[in-house]
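Everything below concerns the one structure shown next.
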Amino acid sequence: MLKALLLTMLTLALVKSQDTEETITYTQCTDGYEWDPVRQQCKDIDECDIVPDACKGGMKCVNHYGGYLCLPKTAQIIVNNEQPQQETPAAEANSGATTGGVAASSMATSGVLPGGGFVASAAAVAGPEVQTGRNNFVIRRNPADLQRIPSNPAHRIQCAAGYEQSEHNVCQDIDECAAGTHNCRADQVCINLRGSFACQCPPGYQKRGDQCVDIDECTIPPYCHQRCVNTPGSFYCQCSPGFQLAANNYTCVDINECDASNQCAQQCYNILGSFICQCNQGYELSSDRLNCEDIDECRTSSYLCQYQCVNEPGKFSCMCPQGYQVVRSRTCQDINECETTNECREDEMCWNYHGGFRCYPRNPCQEPYILTSENRCVCPVSSAMCRDLPQSIVYKYMSIRSDRSVPSDIFQIQATTIYANTINTFRIKSGNENGEFYLRQTSPVSAMLVLVKSLSGPREYIVDLEMLTVNSIGTFRTSSVLRLTIIVGPFSF
């Protein structure tokens, strides 16, 4: 009895040590065990499931920790609390196997089952009970009641946690997931394990603390070709307008709208991801970008014509104001009326300017000045009236366009007679009351008239430019005036 008790305690200690949860690695699992990454410990391998036809001769396979048993189909696993028998010699054990019993020597390594204190017994078809000896394997031959579980409580199975007794009196795994005895959260999936269970997140979710959070597949490969839409537990790919998903539901391919559904009124051109409609010359796309309308070229741009644009069906034409003519279809050019339709009198001279013409007297001199050459008036030295007047007045005419950019050099004045040992100075004597001009001396005998304010026409300016000449000792002083008539045209061309 003491020997049986010690054997039972040793068996319990062995099973308990196997069930103890401790941190080990897969390299520490012995034969008959494999690493369980969920429970983080070694778990028993069910050889009866993975080994094809594990038992021969009509024997049934019974799995246990680290191995398996091959027993007759009528064998039952029972608890043996009987008094230990005297050990049977190996020769007797072998001879017992020949009479239909189970030899203890062939099952000594497979006699301990989870839960502690187990031995195996096999009920054969007929014959007396045979005691195998040290391993306490008992063969019970009871043909009258082959499947009955022993009614004696001392002979009932004691299964380990996570197992329960089956109708065949063996310990079988409890499916906690099917029974609803697990403690997994509502957002977790119960996975049944041998002797236990595990709580895992459903596909598309990952565990973060105690919560199952959605995995954003759009941030990890494989990426969608164009757009990825994350959904709870999954994702799907989308394509931009003008594309469609290929058969792999990942790649986007272009849609040829011109072949599929040509909506253009005149010309259709397929482009990547879309299409464009084009119209014949003289027409433009309507607001729907499909139909064509006549082009109002004058409305599309203000630079088609230099002056005025006239729209016509399918084309346009340019017009110019009076005094100008159209050149190169779009540009306006001044008409020189002095050459085409001179309406000035014989005693007048015609002066053409941008956009028109003027008639000026051929003899602009006024008393006491006399005309000495074309447009040059000289005051005689012999006349007392000339003492305080400029020695000469020269009449010049020029035309500039309206809104000319400033500052701009427009006219140069230069001395025609140069005296030795003299100093020439230049100034605007009159006609610059609003400061439109500036006279810049460029050399001892010349100066440049600069336009400093933009002028708009039509308008006429008369500016007197004076050159004062003084000798180096101050005994000689004279002046001459250039009377410049500036006509600003009505347009900027």
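Residue 1 is the first one shown; counting continues down the chain.
Glycine is no exception: its Cβ is also placed from the backbone N, Cα and C atoms.
Keep in mind it's a predicted model, so treat the numbers as computed, not measured.
Summarising the annotation, TrEMBL assigns signal peptide to 1-17.
For the domain 'EGF-like' (173-213), the model's pLDDT averages out at 90. Residues or ranges marked as domain 'EGF-like' in TrEMBL: 173-213 (among others).
Per TrEMBL, the feature domain 'EGF-like' maps to 214-253 (among others). Sequence-distant contacts of the domain 'EGF-like' (214-253), counting only residues of its own chain at least 6 positions beyond either end whose CB sits under 8 Å from a CB of the stretch, comprise 202-206, 272-275.
For Cys228 (disulfide bond), the count of additional Cβ atoms within 10 Å of its Cβ stands at 17 [all protein chains shown]. Positions annotated as disulfide bond by TrEMBL: Cys218-Cys228 (among others).
Sequence annotations record features per position, and here TrEMBL assigns domain 'EGF-like' to 254-293 (among others). Residue counts of the domain 'EGF-like' (254-293) by helix, strand and coil are 4 helix, 16 strand, 20 coil (DSSP-based).
TrEMBL lists Cys258-Cys268 (among others) with the feature disulfide bond. Counting every protein chain shown, the number of other Cβ atoms lying within 10 Å of the Cβ of Cys258 (disulfide bond) is 17.
Here TrEMBL flags 294-333 (among others) as domain 'EGF-like'. Sequence-distant contacts of the domain 'EGF-like' (294-333), counting only residues of its own chain at least 6 positions beyond either end whose CB sits under 8 Å from a CB of the stretch, comprise 281-284, 354-356, 490-491, 493.
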Under 8 Å by Cβ from Cys268 (disulfide bond), same chain, sequence gap 6 or more:
Glu257, Cys258, Asn262, Phe275, Ile276, Cys277, Gln278
Inside 10 Å of the Cβ of Cys218 (disulfide bond), count up the other Cβ atoms and send me the figure.
15
For the domain 'EGF-like' (254-293), find every same-chain residue at least 6 residues outside the stretch whose CB is under 8 Å from a CB in it, and list them.
240-244, 300, 313-315
Per DSSP, what is the residue tally for the domain 'EGF-like' (294-333) in helix, strand and coil?
4 helix, 18 strand, 18 coil
